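Annotated transmembrane segment per TrEMBL: 35-57, 64-88, 206-227, in sequence order. According to TrEMBL, the disulfide bond annotation covers C126-C159, C127-C143.
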Amino acid sequence: MALTRSAVKHIVKEDQLGVLSDLTKVTGLHGLDPVVLVLVVGIVMFTLGFAGCVGALRENICLLKFFCGTIVLIFLLEVAVAVLAVLFQDWVRDKVKEFFENNIKSYRDDIDLQNLIDSLQKINHCCGAQGPDDWDFNIYFNCSSESKSREKCGVPFSCCVPDPAQKVVNTQCGYDVRKKSKSHWDDQIFIKGCIVALEAWLPRNIYVVAGVFIAISLLQIFGIFLARTLISDIEAVKAGNAF
């Protein structure tokens, strides 16, 4: 049966609301849409690259100052975030926990977010923010009696301890696992929370993290130096031509 004009309008309206809903989740910290995050980073990088390249080729001081000022701002924000993260570790931990739990609620709402959480749990051998019981925040995995989901009282397959004998991923391995006694959980799923796993990962890789941060900082400082040098040269040439 062909769709009526009103039905088509309704479908388009629902799609538009879906996009706006994803943006609301990001801004309200109710769930992270990785596509939006990548899009924002891409726009910032493109804008900076365009301003720096065109500014240098056309010797445009305004674009070069915009390029230099934006990099300085980003550098100062990075330093501020790093310092605040060290000084207010408990607050950061609480915010990360809240952020992770809100994304658990939206696990089935966005396929990109779902893949991101699955990858995080598989790589770090963890489950949930503080543990497997955090999946009660998701309506599909909630253990409440009102839930009619087949995944009720379970966890995603990415929480399951991998079986070397299985070559095909069993996406149902987490079904009903939390109905069992907690003493049997570690045979089937990871019982360590992802926040704990990340906190344990950081000290082990502190030199790598510090090296990456220093390398990025040096590149930013080098970019600022080149931009300021070019601006000074252009201003000197213009001042000489004025006479």
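Note: Cβ is positioned from N, Cα and C throughout, glycine not excepted.
Those TrEMBL annotations? Automatic predictions, nothing curated.
The shown structure was predicted, so the numbers you read here are calculated from the model rather than taken from an experiment.
Taking the C-alpha positions, the distance from C127 (disulfide bond) to C159 (disulfide bond) comes to 5 Å.
The Cβ of C126 (disulfide bond) lies under 8 Å from the Cβ of L120, C159, F190, K192, G193, C194, V196, A197, each on the same chain and at least six residues away in sequence. Comparing Cβ neighbour counts within 10 Å across the disulfide-bonded residues C127, C143, C159, the minimum falls on C143.
Under 8 Å from some Cβ of the transmembrane segment (206-227) lie the Cβ atoms of residues 52, 55, 64-65, 67-68, 71-72, 74-75, 78, 82, all in the same chain and six or more residues away from its ends.
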